[in-house]
Amino acid sequence: MTQSLVTLAEDNIAFFSSQGPGETARRLSGVFEGVREQALGLEPALGRLLGVAHLFDLDPETPANGYRSLVHTARCCLAHLLHKSRYVASNRRSIFFRTSHNLAELEAYLAALTQLRALVYYAQRLLVTNQPGGLFFEGDEGLTADFLREYVTLHKGCFYGRCLGFQFTPAIRPFLQTISIGLVSFGEHYKRNETGLSVAASSLFTSGRFAIDPELRGAEFERITQNLDVHFWKAFWNITEMEVLSSLANMASATVRVSRLLSLPPEAFEMPLTADPTLTVTISPPLAHTGPGPVLIRLISYDLREGQDSEELSSLVKSNGQRSLELWPRPQQAPRSRSLVVHFHGGGFVAQTSKSHEPYLKSWAQELGAPIISIDYSLAPEAPFPRALEECFFAYCWAVKHCALLGEPQAPRATCTCSQPSLLQAPPTSASHPLPSSPTPPSSCHLLTQVLPNLPPQPLYPLSLTTAPKAGSPPPPPPLPTHHPVSSGLYHPPLIAPSPAFLPCQPPIPHSSAVTNHPSPKPGSTGERICLAGDSAGGNLCFTVALRAAAYGVRVPDGIMAAYPATMLQPAASPSRLLSLMDPLLPLSVLSKCVSAYTGEAHILSKKGDCMDVWVLQGWAGIPDACD
């Protein structure tokens, strides 16, 4: 491909050089000279990366890693330039040849290819500097500092204009363009109006000029991602929370019998240990930052199941929340489902609620035939780590204990494969999303339909009945320490040490308790199979809730369906994070702002002015502040 591109570039250079001293011919000749230079310089580097990329694959059946993605992205850019060069060579003499349009597109892709060559150079430095077989750089801070200085000088706007989404399948590009146009239009009117609805309406009327001018859109996109704080992203991502849009989305979604917003009281309760159900552990309500408070969850069920219309569950319905419990006559209620899905929504830890995700959750409930609860956890920066984790874990334990109210019978999970489950207690400091592959992946609901039937049913045990330990039984295990050494590739200690208020309490010591006879709500499930599901930040919470359950010794979920989860939380350079510089949905600067909000550092950002973006990245990477 490179040789074909160089041959075509030289042919076009010769043609346009012979067209006289005109400005357009001179620019076209210069573009093809640049394409030839960049292609010849890039191809050997791509070959070297691809020659060692297999060393970083998970296994022979999974040929994927950041180096492969970077090579794929660069070759997508080369392929587009090859296609455009052939078109120019075939049509340059035609009277219908659109010179200005083709020149603008060639210049945009040449700029993108130049920036990609810089990223490939840093990927090669990672290969040389890293430990053999290591994807993540953990050495001298000098390389990270160099990378951040290069990040400031990179022309990132070229990736958000004409070249937006070139590395993805063509089917997704119109969607990315719509999101980009909406973002820059919203950013232009941000803080000019008081309500989100008025900002959205104003943005709709002015979005046309960004649609017809890709260069302007790219420059504005770069300005917004680098200069606006996390409150802007919270406002933009919460557009889907507006009543008008959510109502329209619900009209087009599946109709369910049950959709209720429940408020779980902040009251401690007992959970049996999976190792010895005669012992229990106390599950305390969320306490971090704001003290005890109710946790909101949304119960969605396609059928009205046993327990879902009980007085116990009705007493938990939030008074000002949405209610949807349609009780038209039917011969009988559906039996309790054997499965339960616990959902954690995405939104970068700073935005959205279950309301935004309700339309597809209704479809899940219909196709899976299982009730779903979605947790409305508190959002950063108002409620940083570990508030969201505490609320999600509290709601998960409540669902396990009262799953019959949700439409599922109760059952424990008795095993855990996590060697150090309490690593969960360290707050995340960064996130990384893999580059999507070109083929369309299976839907989340399709994955869940594969997971749930294959999960083995778990034995039942009474959750509201506990007895004293038997004579001669071993003493309860000591409480787990708050801090643990890093031995997992998924969870790492925070870069910025959290305050004591951030640190979650130690798992309480298991104890025995007397027999209790109080009724518990029954949401309509037997609890034989429980699966956690979440996207982005919600995917992170899926893993951390499961790890905390293991740390407490209570039932862990039978399965996890995490869509593009934020799992690699170590502040280290990697090839995938090089690609995040051109991410059309969550660029590196935006990602770092969300992380800073979640770790409680967002209140400092407003003091940094124009170099806020650089300061956030420097703080994320642990290098000295250059903005003061």
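Note that Cβ sites are derived from N, Cα and C of the backbone, with glycine treated the same way.
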Exercise. Quick one: which of 463-486, 511-534 does TrEMBL have down as region 'Disordered'?
Worked result: 463-486
Exercise. Which stretch does TrEMBL mark as region 'Disordered', out of 273-294, 427-448?
Worked result: 427-448
Seminar exercise, completed: Across the domain 'Alpha/beta hydrolase fold-3' (341-404) the predicted model averages a pLDDT of 94
Exercise. By DSSP, what is the split of the domain 'Alpha/beta hydrolase fold-3' (341-404) into helix, strand and coil residues?
Worked result: 32 helix, 9 strand, 23 coil
Exercise. How many of the residues that make up the domain 'Alpha/beta hydrolase fold-3' (518-602) does DSSP mark as helix, as strand and as coil?
Worked result: 36 helix, 16 strand, 33 coil
